[in-house]
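Per Swiss-Prot, these features apply:
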- G119, T120, N121, G122, K123, T124, T125: ATP binding site (BINDING)
Amino acid sequence: MKSVEQYRNQKVLVLGLAKSGVNAARLLHKLGAFVTVNDKKKFDENPDAQELLSDGIKVITGGHPLSLLDEDFKVVVKNPGIPYSNPIVSGAQEKGIPVITEVELASQILAGELIGVTGTNGKTTTTTMITMMLNQRTNAGKAYVAGNIGVPASAIAQKATAADTMVTELSSFMLCGIQTLHPHIAVITNIYSTHLDYHGSRENYVKAKMRITMNQTANDYLVINWDSEEWRQLSKQSQATVVPFSRQANTKDGAYEEAGKLYFKDEYIMDAADIRIPGDHNVENALAAIAVAKLQAVPTAGIVQVLKTFTGVRHRTQYVETYQDRQFYNDSKATNLVSTEMALKGFDQPVILLAGGLDRGNTFEKLAPALKAHVKTLIVFGETAEKMADAGRLAGIQDIEFTDNCETAVPIAWQHSQAGDIIMLSPACASWDQYPNFEVRGDRFIKAIEQLTGKAEEN
């Protein structure tokens, strides 16, 4: 951890708690700041606020009073999920107070190297692959995973040494709140239209993603998907050295797939079929990770070892178990239709799909071809249940069932299944209409499977 004096004896507002807010507040307190924490949850229902108060940090809960702006704050550190339309946030900006996110704070104290990974889909898997590959090196420091993957970057930055690397998953929400964050290697897996309710337009969403490279120089690297003309054009905005990856062999200047084999420049790495986790999208993720690993001098044998053994990340096309010749997969992280489409394309077997969730105003017609090609039974729930069913009807699916939630969908899926089927939760929607987050949704799905198979009694 670098020595930082800029916050000592300065007033700082931490807006919104959860993991990132709690860690930011504690770090700022450690750095000598006068920290005020503000969270909308009531104090008696807010264990995070209670703990921070016991640590000597000022806590204001139960709402976001505008009177907070009367304080002479040097900076506001906001939870990434709080929109910039929030009156406290917009008011701070109007007063010229910098508004940053916890990952920006973490980057300011990080002694080691930063690798940032963003994109619409594949961030978590790619971040994890890269971290595992870097830890195959024997003559380098430790690689830590951090960020939107569930581990606050500020917690990792405090323990990482100058020899270490922090591989950080960066959401568009986080990237809106950076100013000086400077990854030596930035990765953009892909960019599709999502989170438009937060950003207001696709243009704003793309701008947020491209902020990952705004502080890079020619001595840094931008690893970017080369299989879209839009993405190729976006790379021209960066000052970094561009290292492309491609499943369509659109380039041989980086990592690419050709005739079922994976290469980095002219070096053969492995056969795509030997990657442990299924799906063409995971080949893309692997190529991005290979590019980073090669830039960081990871031996090819170490890269292959990871890709042959890595079984995936929890809630991302996560294999749960096989019961009476039916395989269960938890893809709760699939919060947009592109993620669900990619997950479906990873299977040759018939799929019973559990889908639905928060209604952000979009429709699902574009999912129909994948539904038609892969889904035998569609079980829908949540605010988008009817819209999802419409996509199923458009795809010609005859077997469509409505239910309350993903837990009640499990026994229904079982009733409609046969030996050899895949039963998969891949909602194509955010979870917030019924669950606090996608992790809880996925855990409830797994619990329902355990109830079905009898493992719940064993536990």
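Keep in mind that glycine also has a Cβ here, set from the backbone N, Cα and C atoms.
Within 8 Å of the centroid of the Cβ atoms of G119, T120, N121, G122, K123, T124, T125, where the record puts ATP, the same chain has further Cβ atoms from V117, T126, T189, N190, N285. A count of other CB atoms within 10 A of each Cβ picks out T125 as the most crowded of the binding-site residues T120, T125.
Within 10 Å of the C-beta of N121 (ATP binding site) we count 26 further C-beta atoms, all protein chains included. Classification of T125 (ATP binding site) by DSSP places it within a helix. Long-range C-beta contacts of K123 (ATP binding site), restricted to its own chain and to partners at least six residues apart, with a cutoff below 8 Å, comprise V117, N148, I149, E169, L170, S171, T189. The Cβ of G122 (ATP binding site) lies under 8 Å from the Cβ of T189, N190, H281, N282, E284, N285, A288, each of which sits 6+ residues away along the same chain.
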